[in-house]
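Reviewing the structure listed below.
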Amino acid sequence: MSLKKGGPPPAPSTGASGVQISMLSQPTNKIPTVTAGYDNEKHNGSRSNNASVNQTKFIRPEMADVPVQQAAGSTLPLVISKKKGGGADDSDDVNYNPFEHRKVEHPTSDLETFVHLLKGSLGSGILAMPMAFLNAGLWFGLVATFLVGTLCTYCVHILVKCAHILCRRRKIPMMGFADVAEQAFLDGPVGLQRWSRFIRFVVNTFLVIDLIGCCCIYLVFVGTNVKQVVDFYMEDSETDIGIRLWIVIITVPLIFMCLVRNLKFLTPFSMVANLLMFVGIIITCTYLFSDTPATTERVGVADVAQWPLFFGTVIFALEGIGVVMSLENDMRNPTHFIGCPSVLNLGMGVVITLYTFVGFFGYLKYGSETAGSITLNLPVEDKLAQSVKLMIAIAIFFTFTLQFYVPMSIIWKGIQHKIAPEKQNWSEYALRVGLVVLCGAIAVALPNLGPFISLIGAVCLSTLGMIVPSIIELAVYHEDPGYGRFNWRLWKNVFLICFGIIGFVTGTYVSILEFHAEFSH
């Protein structure tokens, strides 16, 4: 959306996070803005006492990397405060409450946010949890899933807490993930400040890779389940449709579905997908409790060489950090999102418990035969099992369009300003078609669920879920309030960064070895 200089303000448009924004463009710059001035009269008694203080309009940048007026190489507004750390001696920083200045059209209650968190975290990853236990062992997987889940939850706490601190320091009502990372670097040591634009680019890039990777996994998942059911009824036929051809067949209708630019028209598909997924998982769980073998028949602790695959799969399944800031930004009471108890703790507690439950009993049931998705282990000759495979396949098929919306929005908002206005319409459609075809091509090239899931988890989510939040906290706490006694915050974050790097390197390496072994055969 563009506006000539001096014209009336544009009508608000809804961004990917659901928050209304408006785009104000100048000859070379575009700034997504939210009007959220600091009310000095409210906090200091009278307007006359602050007549000389200009009421600032603050920016609420989108998560997409949109070029705007630069402030120290940043896309965030340059707001000068008396004390960078916003300590107790700076009354303005203490009095400013970002939550009071948020303009959310339809704020969500704690219960609604809890439900959205469950929906955002309970996806196809839960179906891969038995495979994670296969690579960890029954008892080691039980303990390690809770430990990795706890670390993921704690890193989300770090991200949201740092976002709240930065909002107060800079007097900005709300921030996205990339905004928090960029602002943290601007508030950090001098050596980090020059990298503020780069860390924003890194966060957005890994978000796009993660979500595009999920779309590719969805194609493989749908194709594998549909193929299994169709092959059962065509086993006497000479026609054998391979998994790669099924992925191509499934990709074709998705090209047309992803041309829909308004999420409102995709809402019915989302409702159908949620219902089918819920029913499918419930029925799947009933199969796990029939003729369950003794725990002594399963490996308690798997070979260490397989642990990286476990780590990549679990963090792929559990990590919902990409949606966290959007959920927190839309809350009626954002302070209830973190803390103890909190929406985040309760939501992730339920998610970790359910994932551990499915992983434990799925591996206990099928042992070394456990497939990349537990639905592939269900008896294909059973009519109910066939319905489950197709229900979940349809649910994932519809979910593709919703998952595709976010990376498409990030990429488009990053390149839109470089395209002439008269070419933007067909250029956006071309980009949509190109991205879906790219997802299909990647899925055709790598049609193996197991190492694919582990690769995405190891590369993207170890970076976004552990490494980046830890670096953000180190930057935010650099001056005030510091790293604590014995620099405990420093050592804690160094441990999390090292843990994430080890998971990144080993998970990627082992996943590539799995792909190499598959292609060698």
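Even glycines carry a Cβ here, placed using N, Cα and C.
Taken straight from TrEMBL:
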type	residues	note
COMPBIAS	19-32	compositional bias 'Polar residues'
DOMAIN	107-512	domain 'Amino acid transporter transmembrane'
REGION	1-52	region 'Disordered'
TRANSMEM	139-160	transmembrane segment
TRANSMEM	201-221	transmembrane segment
TRANSMEM	241-260	transmembrane segment
TRANSMEM	272-289	transmembrane segment
TRANSMEM	309-327	transmembrane segment
TRANSMEM	339-364	transmembrane segment
TRANSMEM	384-408	transmembrane segment
TRANSMEM	429-446	transmembrane segment
TRANSMEM	452-472	transmembrane segment
TRANSMEM	493-512	transmembrane segment
For the transmembrane segment (493-512) against the transmembrane segment (309-327), do we get 3 or more Cβ-Cβ pairs below 8 Å once near-sequence pairs (under 6 apart) are dropped?
yes
Quick one: find which recorded stretch in 309-327, 339-364, 429-446, 452-472 has the most Cβ pairs under 8 Å with the transmembrane segment (241-260).
429-446
Maximum Cβ pairs under 8 Å to the transmembrane segment (339-364) - stretch from the list 139-160, 309-327, 429-446, 452-472:
139-160
Based on Cβ pairs under 8 Å, which of the stretches 309-327, 384-408, 429-446, 452-472 lies most in contact with the transmembrane segment (139-160)?
309-327
